[in-house]
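These notes concern the structure reproduced below.
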Amino acid sequence: MQRFEILDKDAMGRICRIETPHGRIETPTILPVINPNIPFIRAEEMKKFGAQAVITNSYIIYRSMREEALEKGVHGILETDMPVMTDSGSYQLMVYGDVEIKNAEIVEFQRHIGSDIIVPLDIPTPPDADYATAESDLRITLEREREAKELLKGAENLLAVPVQGSTHPDLRRFAAGEARKIGGDIYPIGAVVPLMDAYRFRDLARVILEVRSALPVEPIHLFGCGHPMLFAMAVALGCDLFDSAAYALYAKDDRYLTVYGTKKLSELNYFPCKCPVCSNHDPEELRRMEKNERERLIAEHNLYVSFQEIETIKQAIKENSLFELVEKRVRAHPNMLAGWRQVKHYWELLEKADPKMKRKFLYTGIDSLYRPAVRRHVKAIKNVELPEEVLVSTDFGIYANIYLRPVFGPVPAEMLETYPAGHAEIPEEDVVEEEALKAASEALMELMNSHPEKRFKVYVSKVWMKHLQNLPPNGELNVLS
C-alpha cells in the first residue's frame, strides 16, 4: 500500500494523502489535541469542524488508564473511528524535565493500543540551547528513533520520526537527514512552540526551511502549531500537518482566534466571522454566559476558523495562488513578514518545489519580487535571440523588441502573452513601489551586460529614469514625452 501521495503543489505547499490503518488523511490539516482524561470536545464531535484525525497523549493514557486502553484500544477510549496519532510524553519531558517510562515501553504501548501514528520518546531541546546540549540531546533522540523503527518492523502503524536540534540550523538539517535514513512515515518538527509563543517567526521559518532542505518530499508535521494565522505561511514553507490544543487553551482565557491574530472577547463588539457560533451569538451574549458554556462556544469558533483556513489554503494550492494568500496573511504581524522573507535565502529549494506554469501572477507588494516565477523569467530572457539593435520601451503602444515591466523587467515581445510576465497583474508604473521598478531596471541591465555585442536603445517614462542612470556602455537612455 502506498502510504503517501502528492496530489497538488504550489510554492512548497502540497495537498497530499496519507494512508493509515484507520483511513485516509488529506493534508494540509490539523489534528486537534484530545485530553483522554477530560475531553473538552469529544473526538467524534471534531468531525463536524472538519477534522480527519486527532492526536492524544499516550503517556497520560499509560499513567491513568493503562489497563482500559490495552483492553479497548486508543480508539475505544476516545470513542472514535478516525485515525489517532499518539504523542509519547515528550511534552511532559520538556515541561517537567522527566518522565517515568522508557522509550521502548512507550513505543510498544502505543503499538498495543492501536495508535495509527506512533511517536518515539524524543528529547525536545528548547530554542537557544547551547550547541553541545542540543547535539547530545539529538544523539539520544536519534538512537530512540532507530530503536522505535526496529520495534515496529512488520507493524501496520505509521512511525513519526521527530526532528530536533534547537535553533541550530546545521543540527536541524543533520537531524532531518538522519531521520530520513531511519525511514519514518511522518517527520514532526519538534520544540518550536516557544518560538511561536514568543513570535520568533524568523527563527521558526529558518528551522522549517532547514528541515525541508533535507526532506524535500516527505510529509512534515509542525508540532504544536495551532494558530490559524500561521497555517498559510507554514504550508508554503513545506509543512503538511499541524496539531494543537490552542482551540481549548485560548478559549479558557476568553481568547478568540482569527487568521490575523488573537482577539480578547472583552474587546469585541462584533464577530468578524460567520461560523455557526458567531452567526447565532454576539460578543455581549457570550460575555453574559456561564464560564463553561462560553469556553465551549469560543473553542468551537476557534476550531471552525482553524479548519476554514485549512480549506482556504487548499483552494489556494489548487488555484496556484498560495503566494498571494501568504503575502496577505504575513502582514498580520511584522514578525510574520520577517519570517516569510527568509525564503530569500532558500531560492533553490523554493524554485525546485514551485510549479513552473500557472494561470496568473497577481502582485500584492514587494514580497511578490521573491517568487520563483520572477527569478525564472530573469534567467529565461538571457537565452532569447536579440537583433543587433534592440529597441526597449515602457510604452506598450509602440513597437519594440523588448518591453520593460515593473517586477519582471525586460519582456520580449514574443513573451507578452505567456506566463509569468504576460499573465501578470501589476499596478501602473507611477503607483507601484520603487522596489518593483528597481528590480526591473536591474534585470534589464543584467540582460544588457550578458549581451555586450548588442546595442540597446531604451525609451522609458520619467519614473524609471533614476533607476537607469548607470546603463552599461552598450545602452542609450531616452525619455518618452
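The backbone N, Cα and C atoms fix where each Cβ goes, glycine too.
For reference, Swiss-Prot has these:
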| type | residues | note |
| --- | --- | --- |
| ACT_SITE | Asp87 | active site, nucleophile |
| BINDING | Asp122, Ala191 | substrate binding site |
| BINDING | Cys273, Cys275, Cys278 | Zn(2+) binding site |
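Apart from Cys273, Cys275, Cys278, the Zn(2+) site neighbourhood in this chain, defined by C-beta within 8 angstroms of the site C-beta centre, holds Phe271, Pro272, Lys274, Pro276, Val277, Ser279, His301, Tyr304, Val305. Reported as a whole number, the C-alpha separation between Asp87 (active site, nucleophile) and Ala191 (substrate binding site) equals 13 Å. Asp122 (substrate binding site) sits 39 Å from Cys273 (Zn(2+) binding site), counting Cα to Cα. If you measure from the Cα atom of Cys275 (Zn(2+) binding site) to that of Ala191 (substrate binding site), you get 32 Å. Distance noted between the C-alpha atoms of Ala191 (substrate binding site) and Cys273 (Zn(2+) binding site) is 32 Å. With a cut-off of 8 Å between CB atoms and residues at least 6 apart in sequence, the same chain places Phe271, His301 near Cys278 (Zn(2+) binding site), listed in sequence order. Secondary structure at Ala191 (substrate binding site), as computed by DSSP, is coil. With a cut-off of 8 Å between CB atoms and residues at least 6 apart in sequence, the same chain places Thr258, His301, Tyr304, Val305 near Cys273 (Zn(2+) binding site), listed in sequence order.
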